[in-house]
Amino acid sequence: MLNPIVRKFQYGQHTVTLETGMMARQATAAVMVSMDDTAVFVTVVGAKNAKPGQSFFPLTVNYQERTYAAGRFPGGFFRREGRPSEGETLISRLIDRPIRPLFPEGFLNEVQVIATVVSVNPQVNPDIVAMIGASAALSLSGIPFSGPIGAARVGYLNDQYVLNPTTDELKESRLDLVVAGTEGAVLMVESEADLLSEDQMLGAVVFGHDQQQVVIENINALVAEAGKPKWDWHAPEVNVSLEQRVQALSEARLGDAYRITEKQERYAQVDVIKADVEAALLAEDETLNAGEIQEILGNVEKNVVRSRVLAGEPRIDGREKDMIRGLDVRTGVLPRTHGSALFTRGETQALVTATLGTERDAQTIDELTGERTDRFLLHYNFPPYSVGETGMVGSPKRREIGHGRLAKRGVLAVMPKASEFPYTVRVVSEITESNGSSSMASVCGASLALMDAGVPIKSAVAGIAMGLVKEGDNFVVLSDILGDEDHLGDMDFKVAGSREGITALQMDIKIEGITREIMQVALNQAKGARLHILGVMEQAISTPRGDISEFAPRIHTIKISTDKIKDVIGKGGSVIRALTEETGTTIEIEDDGTVKIASTDGEKAKHAIRRIEEITAEIEVGRVYQGKVTRIVDFGAFVAIGGGKEGLVHISQIADKRVEKVTDYLQMGQEVPVKVLEVDRQGRVRLSIKEATAPTQEAAAPSSEE
């Protein structure tokens, strides 16, 4: 029979429930986690044995949202969920990052975590719930895992930190920070902020880590009650004699290779050394495993780099720990784009463009809680040539989506409001060279391209990636890390911001024991680096250009009465469609009567404004208009007097004498002066030609149909 085991606890303003033993009993472990009506069902399945020849840890995390969770149908023709959305991909990465370092080294069994959102309260974001569920399921499974972890979202409202703010609170918050960690250490931080100080950001990380201890305590209690036995897994035995032999053959040569500052040359030399060592050892003993030799070589390589850094020696490319690579900053590099920049930092380079569009260019995002529109898009592309390789080119991968989102977080806080700058903005970062921190190069390039495009951003922003090498109590924080330093180090710490404060912080830690002191040193060192980069960027362009590109659409805004909106749109959109075709502009009308006319040609925009003013103008009784005959009937003629308005000239109002046949006096398309006699309650207009042509009449008002 089903035997659910439940833990319930208070977590900030929410009640969290952990339940296991009820569903998916054939999975290695399964947990239903709910937080005030938002429920995520998380399963873990682990393979008992690693595949032969497996050389990496095959962990996959899939986060998936079901529309039934919000009582909705999926969009699209098939009315079924399809490939993961960008939001689902980002949350999958958010779950993956803090759990991956907690699996033991040498554990190569396949593990799959699937988190399915099955119920959603619009005020409670499912991401934290899913992270708690993944932690609980892995802890229950018996799979070798040094957890559990806790997860918390931290907001900053009225100068106070808020634990797990609601969706409404988050809209007003100056901070959106997610922190995850074990009982003793922070492992992951992902955040965007409205120009907060280093101390405020560090305080938020510590606050979130302190508050999430209640999650860890309750997961441990659930494991004590319902956990499966720990797997009898042991790390593969180390071949000490082979390690010593590999070290003797390679250590000195790898040390020399890592004094080569040029990346491609260094990589080529390292590859030669590894091939030589492998060949020499296999010549001595054919029974040795080539994969094992390469793994040991990787460890020797790691130790060579780390020991040099800890000893205070120059880094791989000859820099000191807090030095930034050489910078080259250029703007306006592409002639027909609306804004462009080329940002180069050492061997990392980003070509970044900014494109301005109208509101209809905004992205409509179909989320669980409904649709929303995004007026600022930032896309990051990482082609294989950027690292001198060949590879598949196609739709963006998880890494590209994640890096693009981080760069967007870095720029978002300085973007102007829609009321100040009514454009949709798309920034694209093409990584043309990469050797560390291409996402932060994208932040710098985006800031430059936006300024070049004339987007009135509040201030320039720059980003920097920090690294860490730590052995015992000895640690060194590195500024502007290379790709190798990221791979061989203990921390990847990315900070973006302006001179005023931080806009984005992302931290991934591979080891336990990162203290508040280390984070403080990293943040302060990052500030110095950020200010240095901003100084160089400001030499290229210090303020946004005074005008947008001649190739960008210019948006003109006018206001009309809300009861005139229907007149401008017309039946089935006929009037606005005709206006768009006639004037060659893009016209958007909002519910409050705001009309936006976009065109690259100023004269066309003015023409469209004139036409809209004519359409929305009130018809004055007694005024003479120049009109055009549109229909002839037995009892008179209908005459258009502009603005899509039409009136009837009765047969008795055509001439001073008796008219037997209307066509004797009027033809289709003929232009005639008409005087407005009356507008009745239903808006019908009565016109007269004979009164308009009387000698006493003033000159006719021009027709909009001319």
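Note: Cβ is positioned from N, Cα and C throughout, glycine not excepted.
Here the structure is a predicted model, which means the values were calculated and not measured.
Copied from Swiss-Prot, the annotated features are:
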BINDING   ASP486, ASP492  Mg(2+) binding site
DOMAIN    553-612  domain 'KH'
DOMAIN    622-690  domain 'S1 motif'
**Message:** Need the DSSP three-state call for ASP486 (Mg(2+) binding site) to compare against my parser.
**Reply:** helix
**Collapsed DSSP category at ASP492 (Mg(2+) binding site)** = strand
**Request:** Determine how many residues of the domain 'KH' (553-612) DSSP places in helix, in strand and in coil.
**Result:** 32 helix, 16 strand, 12 coil
**Message:** On the 0 to 100 pLDDT scale, where does the domain 'S1 motif' (622-690) sit on average?
**Reply:** 86
**Message:** With helix taken as DSSP H, G or I, strand as E or B and everything else coil, how many residues of the domain 'S1 motif' (622-690) land in each class?
**Reply:** 8 helix, 33 strand, 28 coil
